[in-house]
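Here the structure is laid out as structure tokens; the discussion comes afterwards.
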Amino acid sequence: MAASTTLLDVQTTPWGLEYSIHECPRRHRDDVAALFPGTPLDGMLVIPTCQQAQMDLVQMGQKVEDEKDRLLERFVEFAKVVCERLAAAGHWADYIDPCSGLPMVHRGTNAVYGEVEALVTLLGYKTQNAGCCKIILHPKWGSSVYPASMFAKAPLEARADNCYKWWPHNQQHSSQGTEEAARPGWPGAGMSAFEEVGVAPELIRAVEELGWTLPTPIQAECVPLILGGGDIMAAAETGSGKTGAFALPVLQIVHEAIRTRQRSRQNAPAGGGNGGADAPPACVLNAEDRDSVVAISPDGLRCQARSEQAWGGVRGTVGAFGGRVYYEATVSDEGLCRVGWSTQAASLDLGTDRHSFGFGGTGKKSHNRSFDSYGEPYGLNDTVGCLLDCQGGSIAFTKNGQQLGPAFQLPQYLQGQALYPAICLKNAELAVNFGATPFKHGPPPGFVGLASVPRSATASWQDTPSSSGADRKPLAIILEPARDLAEQTHNNFTAFRKFLTDPALRNELFVGGTNPQAQVRALQEGLDIVVGTPGRVMDFIETGKLPCDQVKFFVLDEADRLLDTGNQELIMKMFRRFPQAGAGVSRLQVLLFSATLHSPEVRALADKICQNPIIIDLKGKDAVPETVDHVLVRCDPQEDRSWLQSNPEVFTDNIHALDRTGQPNLDTRENWSEAVKRLKQRYLQRIIDAFQMDQCLIFCRTNFDCDNLEKFLNSLGGGAGGFRGKRETGKENPYSCCVLAGARSMDERRAALEAFKEGDVRFLICTDVAARGIDIQGLPYVINMTLPDRSEDYIHRVGRVGRADTMGLAISLVSSVPEKVWYCTVKGIKPWLAPDAKNTRTNEQGGHTIWYDEPQLLQDVEKRLTRPIPALAADLSLPSEIAARVAGTQAGSGGAAQYGQQRGGGVSKDVMERVQAVRPAVQELARLEHQAQTSFFQLKRKWAAVA
């Protein structure tokens, strides 16, 4: 059956995605017709794709979900560009979102596509029953596979050519600055303000081109502290310039470090070997490949580390990948030592990763942070011999000439790689002998000193063939929680480093959905700064392609979001790879930026990775401006029966599709739960009308709730459908809206936000995640259709209003009865599209729902605000105490609340604070100007009298 419809057998792209091309089979034509209504099916091609996952996707857990997200991003970017290319050539094309099953290019249908059934029909793949769904079984990969599909009406050759030859790293991304990067500075100030916080002239020139004249408060606080070598925990509002707060000092210190290293190499005497054509280069301890706490003698054959808390590591300048090699290490002072071998990609903390092997003085061998008993302890005056058998693929050690037996068998991935002598010390001193002078005990039969190994079997640290680019290893790693944020930060770094030359800095973006070969090539050519998402960065570290032994900066941007997505274990695993020793500007600096510094998760992470961090909190624990008024509307369907109205129609989430509901006298939880869903949308309409809202941000729990509310508001506006683009006549209807939710494409989200900012629609419906980072000046209203399940998310939501000393109103619709809501523990499934008796059960019963207790959530919010939230009056007017205060701050407005405008009609609080901050400097400048002018005229009169 599969063969009769197959036009092109399974092919593999250069980056590992499998695809094949088929005529649309008869049994799927009805499904495809429902997917693309109005599109003729003649010549329709189906292109199923598969990617190999790094784990079994049948399992559950955060790692599995992260892997699915990685593969999803990779497929979407691939499919989007392929479809765009075909469309540009005049061919119809589309692709399916694997999560929702919906088309991504040609919308207008709720029909979904089943990837699993398609692979069974087209390729004859088998399936596995996983209870709630079927799992495809790949012939080679089993259930470690991620399927996705594309469609096209194009010649077979065009489709195959575009699938195979597309490489993500060839795509040109926009280099325009982001809203944050283009943020204008304070007018009327010179660049001396950036000079005062220590920013280099080259960076000042770059920010001047971006229109910055004064550092923002977060920049003024953070930049000098980071330049001074301290760890930072900082919180500031969105749009406050926090990317510049860490990017400018990181770029400056990285550039200075590279220039210093280049000067030291230019001034260093040329190293030499023994003069022969095949003589190996002289091997000594490498002053360029060590922790800062390690001191090396002038001859390069003795090292010491005097830190009692931290280990300090160092490697030799020459490694071996052939022959049977030996070197000796003699302990010359009390302390702890580890000796052994490692690749250039390994951490200097010997034996704690997959690329190094150590033997410690306590009688333990170590590899990949596994410490096992081996040989016997050694200490002061003992000599340890380190043996590397490149031919047999093994490592062994001796003590005072006595062989201790095999210690390690080299894994396959290290066969043929150069291994370098490696030493790690804690408050100890050690001397090494690589064979240039006689050994104390001599190597065992068949082994020779490293100094005697032919050059053809050795590698120098300066010309090592590893993929890391030995001359330029990353000095800074910046993690972002999402791909778009990582790309934004990467673009900012690129803009800021524009005038840093001799040498020019190199930064690269490491995110899913892009071809890793571009990043491999960047590492091979030498890389200074890595910006990326945790999963992709860790992939490169674990495979040894991204070396960590010289990292000076570890930056966690949006740290609370990084933790929300379950990355704490991965962050800690990454952190342990970085050099931990050093002091002052030579130590690893951890810079942690977060929307809040007060969540237990952020605090716990900081305790583990920061050393005496300086806290810069420009938001505060409950950082809701005093200009925000908080009110609620209690929604009680037992009291207010307007939920029984049938016009206009209210769309709910299908969670009670199998329950008996809609009865005014039916006293069941399910009935009142469905009733309150309908009632809240009725209340929303009344609130909009009562306040005559022109602009409001509306928060919903889920993407599906956003879709339903969009339908409801559009029906209120006459059922004309959703926003259709900018009109010269202004807003389309009093209830015009757009949706900003994760299920929408990136282009849709950008268009929705732009339409809302420009005033082309009145209401922006969004989820918590999608709205994170939104900064809309003068936003008057925010409405919570449902309270968030965490009080800190309430703070994030209402923080969208009341900015820059403008008045803002936050309205929350709070149910008086328990409400049943969807709560899926498995990512990617959409039970609301086809609710059944199983998936509508609660989580405890094996389903995907929970009962929401909003009165309890309200108590949590009020506790965080340290005050109760008053309710709107029956006519939806403001509570008297708020109305009186608003009237007092709105002189000349007749007492009406002017939300979205400056409080009191005067200069904003932020501007006043800035004026007060610069007042002393301006006064001093005026005094100096007066002094200079007076001096000039006095001199003029003096010399006029002489003349």
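Glycine is no exception: its Cβ is also placed from the backbone N, Cα and C atoms.
Since we're looking at a predicted model, the values are computed, not measured.
Of the listed segments 192-220, 221-249, 395-423, 859-887, TrEMBL assigns motif 'Q motif' to 192-220.
Feature annotation (TrEMBL): of 261-282, 635-656, the stretch labelled region 'Disordered' is 261-282. Residue counts for the domain 'DEAD-box RNA helicase Q' (192-220) by DSSP state, with H, G and I taken as helix and E and B as strand, are 18 helix, 0 strand, 11 coil. Per-residue confidence over the domain 'DEAD-box RNA helicase Q' (192-220) averages 81 (mean pLDDT, predicted model).
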